[in-house]
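Pulled from TrEMBL, these are the features on record:
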{"type": "DOMAIN", "residues": "A:19-528", "note": "domain 'Cytochrome oxidase subunit I profile'"}
{"type": "TRANSMEM", "residues": "A:37-58", "note": "transmembrane segment"}
{"type": "TRANSMEM", "residues": "A:78-106", "note": "transmembrane segment"}
{"type": "TRANSMEM", "residues": "A:118-140", "note": "transmembrane segment"}
{"type": "TRANSMEM", "residues": "A:160-183", "note": "transmembrane segment"}
{"type": "TRANSMEM", "residues": "A:203-228", "note": "transmembrane segment"}
{"type": "TRANSMEM", "residues": "A:248-271", "note": "transmembrane segment"}
{"type": "TRANSMEM", "residues": "A:283-304", "note": "transmembrane segment"}
{"type": "TRANSMEM", "residues": "A:319-341", "note": "transmembrane segment"}
{"type": "TRANSMEM", "residues": "A:353-381", "note": "transmembrane segment"}
{"type": "TRANSMEM", "residues": "A:393-413", "note": "transmembrane segment"}
{"type": "TRANSMEM", "residues": "A:425-448", "note": "transmembrane segment"}
{"type": "TRANSMEM", "residues": "A:468-489", "note": "transmembrane segment"}
{"type": "REGION", "residues": "A:514-536", "note": "region 'Disordered'"}
{"type": "COMPBIAS", "residues": "A:520-536", "note": "compositional bias 'Acidic residues'"}
Amino acid sequence: MQSTNAVNQANYLEYRGRFKGLFGWIFSTDHKRIGLLYLYSMAVMFSVGVLLGLAMKLELLAPGKTIMDAQDYNATFTVHGVIMIFMVVVPGLPAVFGNFLLPIMIGAKDVAFPKLNLLSWWFYVAGVFLVLAALLFGPGTPDTGWTFYAPYSFKTGTNMLPAIFGAFILGFSSILTGLNFLVTIHRMRCPGLKWSKLSLFVWTLYGTAWIQLLATPVVGITLVLVALERLFGVGIFDPALGGDPILYQHLFWIYSHPAVYIMILPAMGAISEIIPTFSQKHIFGYKAIIASTMAIAFVGYLVWGHHMFTAGMSGTAQYYFSLLTFLVAIPSAIKVFNWISTMYKGSINIQTPFYWAISFIFVFMIGGLSGLVLGALAANIYVHDTAFVVGHFHYIVFGGTGFAFFAAIHYWFPKIFGRMYDKAWANIGWIVFTIGFLTLYSPMFYLGMMGMPRRYYDYLEEFHGGNILSTFGSWILATGFIIIIVNLVRSARRGEKAEMNPWKGKTLEWTVPSPPPVENFDEIPEIAEDDGPYNY
Amino acid sequence: MEKVTHAPHDHYDAEASKIGMWLFIFTELLLFGILFVIYSVYRYLNHDAFHLAAAELDTFTGAVNTLILLVSSMTIAMSVTALQKNNKPLTLLLNGITFVIGVVFLVNKYFEWGAKFDHGIFPGSATLAETLSQGEILFFGLYFIMTGLHALHIIIGLVFIAVVMWKVARGKVHAGRSALLENSGLYWHLVDIIWIFLFPLFYLIV
């Protein structure tokens, strides 16, 4: 094994293979470099999305036209949604931390199909450029909302086709990543690493990969049908030709509801890693967390109808969808219970990732409970299509996945870059960001209950107060975001060198140097019978 | 570190690539599965119109295409066995037959579609909108989407088979490393089985 060790003398950041410089990255099949490629491209797209979000909040600062008119506002929330959903939170934690950590956590040198992995990132970039092309060229920026609802999506004069094909390709990228992870987890676990010894982040990646694989094709074909409808008028979703636009909504949500679990499951996995490490205690209810992960992945398929309670559906169907929606809350609550119980009698080490993790639990619970309001049939009719929905959605997706992402980046940062960030500034960034988040989205619940509809650039005078507060919150949040980013970027270059295991974690990635060598391990590790990912 | 020629990720796991192919086939089945769902919904809603429109399709061409596609599935399965027996020329021959049959299928499809176009039956045509009912328009919309998507998969399958043939010829795919050929076979069977469902649904239920 001489050659392996020779390769492993360099860490993955410094290693020089066939290509130098930029090409050494965009042609690299190293899962760690691909993870970082995703991180950088997603950070860029996230920043664009944040800017669009800020523009929307600025528009809503006062009733009437503030900085843009109705059409521009429609385009802005469409692009904000498409970018944030398809380019940021759906690839989300699996694409960045899954790619970086999955092979290390299961004691492998790489994923099962490294070239396919790189191809997934290229598809991602191709999808991004296609969507951006829709914004910059052609007859106008898409204005359908990120849901591309028929029949408007094939009637509107704006430049829909590149956006739809872009979303399709992004879906393809997601499928390939899921496929890769599934095969990797099945085939490449190191000796002795039984399923019952996998770390929970790997388990959630496993559940997520199945959803990616089995739900994404549905939206893929649905988007193709919308494109064909636009191009040739095939009639599937066109009521004038006998088609049914409600069918579009069903097909769209058959994917897009499970997609919410694609976003949140790996986030829960990251939290399940962070809480035991900073409590220095075995995770409470390891098997319950796995079972609830799989339960969420499964039941999450069967609840799509709750997006369509007012769209026209039989009463019986509504009862079932509402009941199943309530059922999904149970496994999520089990997880929260497990995280809290893990902290009980632990020796808690309060650090930045832990702050992010506990604030994740807080906002996730508010998001989850407000979801039950929406899942209840009668209440749903009342707050349907109001700012309440926007508040709920952002508490879950931004508060859930976003906070978990920041928790994860602060947790694994020393492993990824081999340097430690400035902890004081990281804590300041967290508190400013969290205050901004709560100020931005909490008023939306109130505004929604008062009846302010979503997706309008204008509102009645009585909603003014709440909107001012919300816009003010968006500025605080942006300030926090800038502090976090500046601190992390600066520390990645100039932070002090990190140890191999700064948080005293027990999972496999903490047994390799920071940053990890090219092939992760000099020798493939063997897991003994009494070893485990959380044996403190 | 300039001269490291070691390829860090060079490992071969036939089982892994087959699992990967099967998972990919799941996604393809879902892709077509949704189209079959749409078909059944609209068939249920427009029962009589679907009967009427289906009578327009040429059952003979459809049957011929079904037959030759089944034969091609057989030849590609035989080519896997031939490779396992280290018979390279026979592998290439059987793969070649599969490829040619795939092309013949597409040629038949071309003439079939062409005849429909000549009669003014294509999505968005004036004839369609003026003379046919909504159910019939939906039938032909689905017909063109599903057989078109299937034809696209035939083309992808042909490219796949061509790549595998090239690799077999150059000795990169051989008895000890046959997963790629087996995967192309799996994919071709998938394309075949989808047609097995398309054929009765569009041509036979009249």
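Glycine is treated like the rest: Cβ placed from N, Cα and C.
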Chain residues outside the compositional bias 'Acidic residues' (A:520-536) and at least six past its termini with a C-beta under 8 angstroms from it: 1, 4-5, 8, 103-104, 107-110, 190-194, 197-200, 276, 280-283, 286, 506-508, 511-512
Contact set, same chain, for the transmembrane segment (A:203-228): CB under 8 Å, 6 or more residues outside the stretch: 94, 98, 102, 148, 150, 153-154, 160-161, 164-165, 167-168, 171-172, 174-175, 177-179, 181-182, 185, 234, 236-237, 248, 251-252, 254-256, 258-259, 261-262, 265-266, 268-269, 272, 289-290, 293-294, 296-297, 300-301
Confidence summary (mean pLDDT) of the domain 'Cytochrome oxidase subunit I profile' (A:19-528): 95
Stretch contact, the transmembrane segment (A:78-106) with the transmembrane segment (A:248-271), Cβ-Cβ under 8 Å, 3+ pairs: yes
Long-range neighbours of the transmembrane segment (A:160-183), counting only residues six or more past its ends (CB under 8 A): 82, 86-87, 90-91, 94-95, 98-99, 102, 111-113, 116-117, 119-121, 123-124, 126-131, 133-134, 137-138, 142, 144, 148, 153-154, 205-206, 208-213, 216-217, 219-220, 223-224, 226-227, 230-231, 262
Recorded stretch that, among A:37-58, A:118-140, A:283-304, A:319-341, A:353-381, has the most CB pairs under 8 Å to the transmembrane segment (A:393-413): A:353-381
Contact set, same chain, for the transmembrane segment (A:425-448): CB under 8 Å, 6 or more residues outside the stretch: 57, 352, 355-356, 359, 363, 370, 383, 386-392, 394-395, 398-399, 406, 410, 454, 463, 466-467, 469-470, 472-481, 483-484, 487-488
Chain residues in Cβ proximity to the transmembrane segment (A:319-341) (below 8 Å; excluding those fewer than six residues from its ends, i.e. six or more beyond): 268, 271-272, 275, 283-285, 288-289, 291-293, 295-296, 299-300, 302-306, 309, 313, 357, 361, 364-365, 368, 371-372, 375-377, 380
Long-range Cβ neighbours of the transmembrane segment (A:248-271) (under 8 Å; 6 or more residues past either end): 85, 89-90, 92-94, 97-98, 147-150, 174, 200-205, 207-208, 211-212, 214-216, 218-219, 221-222, 225-226, 237, 293, 296-297, 300-301, 303-308, 311, 335, 339, 357, 360-361, 396-397, 400-401, 403-405, 407-408, 411
